[in-house]
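Visitor: Once you've had a glance at the structure underneath, I'll fire off some questions.
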Amino acid sequence: MRCPLVIGNWKLNGNKRIVSDLITIMRNELRSIVNCNVAIAPPMIYLALAKSYLEGSQIALGAQNVDIHLSGAYTGEISAEMLKDIGAKYIIIGHSERRTYHKESDEFIVKKFAILKTVDLIPVLCIGENEAENKSGQTEAICAFQIDAILDNLGIKAFENTVIAYEPIWAIGTGKSAEPEQVQKVHKFIRSHIAKYNSAISKQIIIQYGGSVNITNVAEFLVQADIDGVLVGGASLKAEVFAEIVKIAATVKAKQV
Ligand code: 13P
């Protein structure tokens, strides 16, 4: 049985006070949470501060990006070793916002995936189609293409102990989440695609859904067999809401055992 995983992606939001306030409430609300892995990914500049507030809690630290080099003359970058050093665990890569605004290619994302594996950090590989691709029935082809970039270059073993986040671009930040049955179909496809190469890894890999997840729709996603967790944007900036999403995830998945 896969343990559900809920990650809050804060994106470009927060300040010192917000980091303190959100984590204080989340820690309190999630004191006794069991059977659900939880992480928050604040902006890079607040990671160390967040880690200090998270100390002794069950909430793990995530990051929203990583450079493709471990060290050297790369002004402005943050390396996988540095993320490891400050205690981060889950690193989001391939997010559509970075693919779009920073022109990150699949080849570049492969390098990020590879560097994370060298220091034993967990890549959270975001994949997903845009609205036009969705309307023209290309969802599965796009997902397969983005996964194959990793598979072809790093091999199936690279997917051991990793996370894939299916985030249809048209559902991100729009309030227009995808239909849970539709998402289940895509997740099942992703798992069976991985299974073609390694059945054990396909059963173990965590596949999250992301895109306008909130308190009212999260249960509908998590009752689906192949939706193992959620990657939450906007709703992760309200501590009580995020904590409630985690509690729902733990309850819904516990019933499936
Ligand atoms: P929203 O939950 O705000 O739609 O964002 C989803 C997302 O992009 C998480 O990475």
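A Cβ is built for glycine as well, from the same backbone N, Cα and C atoms used for every other residue.
Note: TrEMBL annotation is automatic and uncurated.
Per TrEMBL, the features are:
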{"type": "ACT_SITE", "residues": "H95", "note": "active site, electrophile"}
{"type": "ACT_SITE", "residues": "E167", "note": "active site, proton acceptor"}
{"type": "BINDING", "residues": "N9, W10, K11, G173, S212, G233, G234", "note": "substrate binding site"}
Visitor: My understanding is the cutoff is Cβ-Cβ under 8 Å with a sequence separation of 6 or more in the same chain; which residues meet that for S212 (substrate binding site)?
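Guide: Sequence-distant Cβ neighbours: A171, I172, G173, T174, G175, K176, S177, G234.
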Visitor: I'd like to confirm something. Which of the recorded positions, N9, H95, G233, has a Cα closest to the Cα of E167 (active site, proton acceptor)?
Guide: H95
Visitor: With a radius of 8 angstroms around the mean position of the C-beta atoms of N9, W10, K11, G173, S212, G233, G234, what other residues of the same chain does the substrate site pick up?
Guide: I172, V232, A235, S236, L237
Visitor: Which one is it: of the binding-site residues G173, G233, G234, which Cβ has the fewest other Cβ atoms within 10 Å in this structure?
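Guide: It is G173 that, of the binding-site residues G173, G233, G234, has the fewest other Cβ atoms within 10 Å.
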Visitor: Reported as an integer number of Å, what is the Cα distance between N9 (substrate binding site) and H95 (active site, electrophile)?
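Guide: H95 (active site, electrophile) has its Cα 10 Å from the Cα of N9 (substrate binding site).
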Visitor: Please give the maximum pairwise Cα distance, in Å and rounded to a whole number, for the substrate-binding set N9, W10, K11, G173, S212, G233, G234.
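Guide: Farthest-apart Cα atoms in N9, W10, K11, G173, S212, G233, G234 are separated by 14 Å.
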Visitor: Check the DSSP secondary structure of N9 (substrate binding site), expressed as helix, strand or coil.
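Guide: The residue in question, N9 (substrate binding site), is strand (DSSP, three-state).
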